[in-house]
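Over in TrEMBL, the protein carries these features:
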- HIS130: active site, proton acceptor (ACT_SITE)
- GLY63: substrate binding site (BINDING)
- HIS139: acetyl-CoA binding site (BINDING)
- 1-75: domain 'PglD N-terminal' (DOMAIN)
- ASP131: site 'Increases basicity of active site His' (SITE)
Amino acid sequence: MVGAGGHGKVVADTVLTLGKDDLAGFLDDKAELVGRVIAGVRVIGRMDAWSQHGIERLIFAIGDNHARRKAVQRVTAAGARLTSAIHPRATVSDRASVKDGTAIMAGAVVNAYADVGMNVIINTGAIVEHDCVIGPHAHIAPGSCLAGNVTIGEGAFLGLGSRVLPGLRIGSWSIVGAGAVVTRDVPDGATVAGIPARRLT
Ligand SMILES: CC(=O)SCCNC(=O)CCNC(=O)[C@H](O)C(C)(C)COP(=O)(O)OP(=O)(O)OC[C@H]1O[C@@H](n2cnc3c(N)ncnc32)[C@H](O)[C@@H]1OP(=O)(O)O
């Protein structure tokens, strides 16, 4: 697992709950963390140390979408492969698809025919309804709810408890504030908040 911060603790909890006995440990570029045990998992080295530890697959436990994308691009360019972590108490339809590198936390629901891209976070208790398409590097924060046929662009961040009405598109690298109800498409790079959601920037 790459990233031994707050989100890393939750991903660690998911991986330990899955009982993965082949977990090598955390990798983190913060030198002061190396050697420490965080959430029951040892930090075994900096991010680029994956190859020297014989690690075959990585999952990125970095909450910030830009930082997570950059980290994934760096290691995959060097030949690393990604894996996913789906909490055993998440509900993911057999008819949904989830790409590598994605973490789905406890209590989340991914419904039929949803398509979840790579390196995405579907956080605790979030709901991704039928036929949604989630772009790579997006983060759906705890308690958010996407109605059917919603499209989430690359790197978009949906804050805690936000709601998106059916069929809308949330633009790439946009931000939806905590508690927002999105009633219209959100342009790429925009920040929206409130009920109904209005543009802040
Ligand atoms: C496990 C985890 O913890 S996952 C992490 C989950 N994190 C979140 O959900 C955080 C989501 N972030 C937010 O909601 C943020 O407040 C943002 C992104 C919408 C705005 O952040 P900033 O750009 O820093 O805006 P800032 O705090 O300066 O507020 C700007 C204005 O918007 C208002 N505002 C901020 N957030 C919201 C919101 N969620 N809903 C309604 N209004 C809001 C502020 O009150 C302020 O209004 P004012 O100008 O009248 O005083």
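A Cβ is built for glycine as well, from the same backbone N, Cα and C atoms used for every other residue.
A 10 Å cutoff on Cβ-Cβ distances gives ASP131 (site 'Increases basicity of active site His') a total of 18 other Cβ atoms nearby, all chains included. For the recorded positions HIS130, HIS139, the largest tally of other C-beta atoms within 10 A is found at HIS139.
Assigned with DSSP, the residues of the domain 'PglD N-terminal' (1-75) fall into helix, strand and coil as follows: 31 helix, 13 strand, 31 coil. If you take the CA of the residue listed as 'substrate binding site' and look 10 A around it, the recorded positions you hit from HIS130, ASP131, HIS139 are HIS139. Following the DSSP three-state reduction, the secondary structure of the residue listed as 'acetyl-CoA binding site' is strand. Spacing of HIS130 (active site, proton acceptor) relative to HIS139 (acetyl-CoA binding site) is 18 Å (Cα to Cα, whole number). The Cβ of GLY63 (substrate binding site) has 19 neighbouring Cβ atoms from other residues within 10 Å, across all protein chains displayed. Between the CA atoms of the residue listed as 'acetyl-CoA binding site' and ASP131 (site 'Increases basicity of active site His') there is a gap of 17 Å.
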